[in-house]
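Listed in Swiss-Prot:
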type: DISULFID; residues: CYS3-CYS40; note: disulfide bond
type: DISULFID; residues: CYS4-CYS32; note: disulfide bond
type: DISULFID; residues: CYS16-CYS26; note: disulfide bond
Amino acid sequence: TTCCPSIVARSNFNVCRLPGTPEALCATYTGCIIIPGATCPGDYAN
C-alpha cells in the first residue's frame, strides 16, 4: 500500500507511476511511503 501526506503528493505519485516508474522511486520522489498493511497512518492518509 502506498500512503501519501497530501492529495498533491498522491497526484504527483500517480503521474510518476504512469510511464512505469518503480513504485519505490516515485514514493521517494513525492514524499509518500510504502507500507506492508492496508491501513495508512493518520499523517499519510492520502
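Backbone N, Cα and C atoms are what each Cβ position is placed from, and that goes for glycine too.
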Rounded distance in angstrom between the Cα atoms of CYS40 (disulfide bond) and CYS16 (disulfide bond): 20
CYS16 (disulfide bond) and CYS3 (disulfide bond), distance between Cα atoms, whole Å: 14
Three-state secondary structure, which DSSP defines for CYS40 (disulfide bond): coil
Among CYS16, CYS32, the one of these disulfide-bonded residues whose Cβ has the fewest neighbouring Cβ atoms within 10 Å: CYS16
Long-range Cβ environment of CYS4 (disulfide bond), under 8 Å and at least 6 residues apart: ARG10, PHE13, THR30, GLY31, CYS32, ILE33, TYR44, ASN46
Cβ neighbours of CYS40 (disulfide bond) where a neighbour is any other Cβ within 10 Å: 17
